[in-house]
Amino acid sequence: MVWQRPDGRKPYELRPINFHTKFTRFAPGSVLTICGETKVLCTVSVAESVPKFLAGSGKGWLTAEYRMLPSATQQRHERELLKLSGRTQEIQRLIGRSLRAAIDFEALGERTLTVDADVLQADAGTRTAAITGGFVALAEAISQLLQRGVLERSPLCGQVAAVSVGLLEQEAYLDLNYIEDVAATVDFNVVMNKNLGIIEVQGTAEEGSFSRTQLNQLLDCAETGIQQLLIAQQKAITDWDELFVGK
């Protein structure tokens with residue numbers, strides 16, 4: 001039996017993706033990322049300091065925080081006040097690791113970039129939307145730092161995007177929504193760079209197992225989506241050619 005996508009998309013088709021830049025007033029970088037019905041506000045703040053282990057090194061740092069509004073899902077969930085859940089800690093570490101692959105920390109100097117990803121509405125794919133939108137917010141923040149003369153040269157040496165894929169009825173599907181995420185027997189989160197090099201793969205079988213052939217199908221599916229996301233990011237970053245210093 002062939003899986004029928006609830007929104008009528010083809011197996012390798014992304015949900016509509018939109019980046020609303022300069023979304024908030026005070027953060028140097030702020031982007032509302034809308035991926036289908038998933039909405040994530042990504043902001044980037046800059047501090048003129050680094051963690052102790054980097055003090056005096058001349059290098060900067062990037063870290064990330066991730067939260068969900070209590071009403072982001074159908075049933076309200078409690079705010080994480082005193083202790084973060086394991087899921088939240090895992091996701092924000094993933095966001096930080098992924099976006100650090102895009103930065104030349106020597107060019108950044110002894111500064112810390114903090115990426116805040118706040119989920120306003122969740123229909124699956126929140127962590128991948130946070131990474132993809134977080135990169136656009138990161139570029140926006142770097143652009144502002146260059147315009148203000150804080151940075152002499154751009155530290156944006158990489159481009160990063162992420163997407164979810166999964167097996168439904170033993171076939172690969174791109175960019176799962178919540179209904180599909182629940183139904184999938186295997187689901188992956190894949191992070192890649194501009195050259196389609198793999199930064200991170202998170203994958204698990206919810207029941208049973210999957211073959212090497214299916215693994216390759218899932219990665220091919222993710223690659224197709226990430227190619228489109230990379231193009232969408234560049235279109236959203238108005239001064240992309242001046243900012244990007246990588247290959």
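In case you wondered, yes, glycine gets a Cβ from its N, Cα and C as well.
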Problem - Residue among Arg87, Arg100, Arg153 sharing the phosphate site, where Swiss-Prot lists Gly125, Thr126, Arg127 as binders - result: Arg87
Exercise for the section: Please compare the binding-site residues Arg87, Gly125, Thr126 by how many other CB atoms fall within 10 Å of each one's CB, and tell me which has the fewest. Expected result: Arg87
Exercise for the section: Please state how far apart, in Å and to a whole number, the two most distant Cα atoms are among Arg87, Gly125, Thr126, Arg127, the recorded phosphate-binding residues. Expected result: 14
Practice task
For Gly125 (phosphate binding site), just give me the three-state DSSP call.
Solution key: coil
